[in-house]
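Engineer: For reference, the structure I am asking about is given below.
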Amino acid sequence: MIKLSNITKVFQQGARTIQALNNVSLHVPAGQIYGVIGASGAGKSTLIRCVNLLERPTEGSVQVGGQELTTLSESELTKARRQIGMIFQHFNLLSSRTVFGNVALPLELDNTPKEEIKRRVTELLDLVGLGDKHDSYPANLSGGQKQRVAIARALASNPKVLLCDEATSALDPATTRSILELLKDINRRLGLTILLITHEMDVVKRICDCVAVISNGELIEQDTVSEVFSHPKTPLAQKFIQSTLHLDIPEDYQARLKASPETDSVPMLRMEFTGQSVDAPLLSETARRFNVNNNIISAQMDYAGGVKFGIMLTEMHGTQEETQAAIAWLQDHHVKVEVLGYV
């Protein structure tokens, strides 16, 4: 549905040249929810704005629904953009218009008959859970409700693609979850292709089928969500995954933690489990094989793309030789083990 090929975008600021995107290629199949994640300044917003040519690429090809957009005339591009809805971090609602009026605006600009506008807007407000807010004004809505209005407006022209530019960044966690569930529901009901950009791996984890990691204007990793979470190939992807699972060392352990082993001290380990290592009884196996005892201090488990992954803090009791052998065995079985210190 969306195919970006060898996209390069260069900005000129006086005598300074800024390369925002460098030879980026991305394919989003029809009906998928595809996430692009990266830090601030990585090129995410420039990338998504190239899809509907709000930013015209310096080089490269942009195809949406099989149509090459970069060669279209202005009138042809305007028509093509009706098939591409877009929502933003800031809702951009017209304060002087009601909820109904905001959603109706693109239809009015397209000279849609009034009866058709009424039917379509009513249908969309019901879809986004605002069927009772027809006559409300944006000032009387919560942030989540405003974003729902923006989503309804973006869907007014019955697009095949929805672009989401940091659509949940300005929302609290509970509202973020509700908006993500709404997007997932719309994707299922309408078969809508969704491309979203974010700096939060939690967003990707909750609703995306595939994810690409962008850094310094380049896509450095892209795959299914389950594959990236199970086998991240780049340090940046690993960092984003770690941000979704975070365990603090308890204060009493922190006070006793030493950088080097002492008499009768034991290593404190941080273990990351992904893919098959989550379900395997690996700690029990280390106890049998290496005569070590694992005291679990804290643990957290989650799902992404249908795959479980988790993190654990443990004390490993045993001789130095036994614990080193056990740690090496765990690493051989795809557990990432970090020695945090000794307690």
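Yeah, the Cβs are placed from backbone N, Cα and C, and that goes for glycine too.
Not my notes, these are from Swiss-Prot:
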DOMAIN    2-241  domain 'ABC transporter'
BINDING   GLY38, ALA39, SER40, GLY41, ALA42, GLY43, LYS44, SER45  ATP binding site
Engineer: Report the residues of the chain - excluding GLY38, ALA39, SER40, GLY41, ALA42, GLY43, LYS44, SER45 - with C-beta within 8 Å of the mean position of the site's C-beta atoms, for the recorded ATP site, in sequence order.
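Structural biologist: What remains near the Cβ centre is ILE197, HIS199, ILE214.
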Engineer: Looking only at DSSP and grouping its letters into three states, which state does SER45 (ATP binding site) belong to?
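Structural biologist: Its secondary structure by DSSP: helix.
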Engineer: Could you please provide the mean pLDDT value for the domain 'ABC transporter' (2-241)?
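Structural biologist: Averaged over the domain 'ABC transporter' (2-241), per-residue pLDDT gives 93.
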Engineer: Please identify, from the binding-site residues SER40, SER45, the residue with the sparsest Cβ neighbourhood, meaning fewest other Cβ atoms within 10 angstroms.
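Structural biologist: Comparing Cβ neighbour counts within 10 Å for the binding-site residues SER40, SER45 gives SER40.
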Engineer: Of all the binding-site residues here, ALA39, ALA42, which one's CB has the most other CB atoms within 10 A?
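Structural biologist: Selected residue: ALA42.
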Engineer: Counting across all protein chains present, how many other Cβ atoms fall within 10 Å of the Cβ of GLY38 (ATP binding site)?
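Structural biologist: Result for GLY38 (ATP binding site): 24 neighbouring Cβ atoms inside 10 Å.
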